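Noted in TrEMBL for the protein shown:
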- A:5-192: domain 'Electron transfer flavoprotein alpha/beta-subunit N-terminal' (DOMAIN)
- A:214, A:239-240, A:253-257, A:270-277, A:291: FAD binding site (BINDING)
Ligand SMILES: Cc1cc2nc3c(=O)[nH]c(=O)nc-3n(C[C@H](O)[C@H](O)[C@H](O)COP(=O)(O)OP(=O)(O)OC[C@H]3O[C@@H](n4cnc5c(N)ncnc54)[C@H](O)[C@@H]3O)c2cc1C
């Protein structure tokens, strides 16, 4: 019988990502309602020892595969191990982060297990004993609730920052289950890895994002936003207009053809608010817009707006926030 | 009658619209402001084959029909009228007379590089003293041995200075008036051919408008288009087709202004509701949409007649007259719907209204179109 | 080199979404080629230009998808295959099953697709097809050096990028990178109508509806509650900035 709610641990360089705790916290509630156990799957190199943390956030059991071959994520190695584990233990559900690797492994494993996969979910609930997932589709212009009625496990990837992480319970332990794990033949051979070196948080994980658009006028003026971002510990983003103009690389782009973000605070500077941009950030909790054009679409979704020249407003805002946060 | 575009025409519209919105629209205001065209855009248009839409494959054209050509000019003009006239003057005023009246050698030498976009074309007819009355031109071409010698000047020439190939209309025998006019192909760089004043204009400011000066400019005898004395026929036929291009340009300007105004009317709120909730605005939008649709049918009809080798002179004049007046009317209303914002350069309708005006003037003023239409209906 | 591109037609990014009962209303919405698939088509064409060969574009959907396929043909692809699933309610499992079956009957050295479709954003069909066909997949490719028997690609990964080598045949899914998809040329548009476009049903590829039955079921659709416009903070820049900072801390409590 299928048993267990599984959370696939999102870790990088031995550090567990916050989204994992969000998934564990939500998974805990589902597991309790169903009377099943909550398990984490932890893959990587040198990750043994992280089980305690997962326990504190609610995991009953942690299947750990600690191997040299898992140092960097590869589709085949991670797919082979996760699929084998799932075949062996037949969990009810597997929850993953909607990250590059989470999405990647989820698709392969879902197909290998012949099951359904709901991606990019923003909520999860038990309705009449069935796990129901909420997913924004059409770039957030519609919302679908979906379920996987028969095939098991139910699989889903969930956006970072959309579920709340409960406070950790110090000392709550998980049963560590070390597993050998067979990576199989890894057909994706890594030749090189370039890490984006930035002291700022990653866009998709950041709590605060300061974003710039056409109104920034040139690449050099992003410095203004970076200064504001650094005061807030925020990430910097850009609209498609700014990326197309070549002022920022595509990895900074927020929107339908860029990244989807859900920070606590999104500060849009000189962004008109094209529907494609809104698609990528309208699930932010609080939106601030600074724009010269009082008719700019962004004001339609902003919680707070200042109609004014960002070149005046942003430096002043930075100083005010600095004072407040000092 | 089937009022439905073919799959190819639909795909062409989508393609050119996509291109125009992504590549041209972001630059349109700046090009207007600077009175300078961004010639990289020409390279991209040429690569797509927009330089030779209605010419056969054997001359490196796209082998499409004139409806397709009209759609292409319409879609370019929807975001940037200067781009529309660049293609229209190149295609209709320069490439076409070479295609229709040129010898096979002339077509290989001139039409091929025009159609594949390696070279840009222009046409010089207008002179200070010869506008609507084209037959009164003073530029002369005198045969001297194996060469014609050109003297005189042309004004208001679209694509002037930047074009490589010019179709020039000159008098070979002034005594014969209309029947003493001939058409020639002149290459940029020919000694004795230089450029005078650049015009600063109300609209289509990114389109180059130059004076051409011919002083003892010698061109090979074989550069005459058609026979000596056939120039007036060449020019009348050329303008018949050119009018379809300008009508399409006007149609595109109107469409662009209408769409902007329609969107704006839905988002601009006054008195606690979008301005589009007022019947006064709704009626403007309804009239704009209706006139544009009527203009479109006239333009495509003229192009269809041309494609089907039927006479199209009257319909081309009607299409140009009606589309130009529609463009002027629609853009004026579009500015009205935008209110004060529409009068500023923050929004494109201000430029569109300035651009619309020229369509009532060049390639035959609206008065001249009415003369052509009247002559035809009174025949 | 035989190149197969998986292509989806999607709603235009500008499209207004409305509901028709408990479904998305598809009436009157303008449809386009999924932008990421355009990158895949472009990549395919560049590979073809390097090695000679043939680009086949394969899609699952109704007759309206022919427009997007024709666009791919006009860009330079050689053939198109459209499989009509014969059902409205399909999921990624269904689509992948059909695509894999259709592609399985073709010759291929490399499979390409967009890493994500902008409508349902599910990022899984290509991966599933690769899994069914037993070929390796690399997702979010921004650059690809393809050789006779292998590909060396740059792809986005969490927190950076990686260079990965795979043997062919392989599935690469395109992320927006340096390459810009070409516009169809006017000549291409004219040639497209002469190129083969095969329209087939499930029976033609030896599938029955039960084999491709969806695993995921959409229970309900809704439109998001419109975000109410908030307040404009008035005043001169200095005043407004000060007030905004206060509001963010005291009212919104986000800093
Ligand atoms: C931006 C621009 C680009 C141009 N590009 C080109 C080009 O590429 N090549 C080229 O050869 N020319 C070009 N022209 C010239 C254009 O075609 C002429 O300006 C046009 O034909 C009108 O001639 P005109 O300016 O001499 O006006 P006129 O002929 O002097 O007309 C003045 C007014 O009198 C009216 N009028 C004249 N005759 C009559 C009549 N019989 N009955 C009633 N009303 C009459 C006219 O309609 C007009 O309202 C261009 C002009 C401009 C402004």
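Just so it is clear, glycine is given a Cβ too, placed from its N, Cα and C backbone atoms.
Whatever TrEMBL says is automated annotation, not expert-curated.
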Query: Which binding-site residues (A:214, A:256, A:271, A:274, A:277) come close to chain C, taking a Cβ gap under 8 Å as close?
result: A:256
- line: Cβ density check for residue A:271 (FAD binding site), other Cβ within 10 Å (all protein chains) comes to 32
Position of peak Cβ density within 10 Å, selected from the binding-site residues A:214, A:277: A:277
Query: How would DSSP class residue A:271 (FAD binding site) in three states?
result: coil
Message: If I take every residue in the domain 'Electron transfer flavoprotein alpha/beta-subunit N-terminal' (A:5-192) and average their pLDDT values, what number comes out?
response: 96
- line: CB contacts under 8 angstroms to residue A:274 (FAD binding site), restricted to the same chain and 6+ apart in sequence, sorted by sequence, are A:239, A:240, A:241, A:255, A:297
Statement: Same-chain residues at least 6 apart in sequence with Cβ under 8 Å of the Cβ of residue A:253 (FAD binding site), in sequence order, are A:237, A:238, A:239, A:240, A:243, A:259, A:280
Query: Taking the Cβ of residue A:256 (FAD binding site) as the centre, how many other Cβ atoms fall within a 10 Å radius?
result: 22
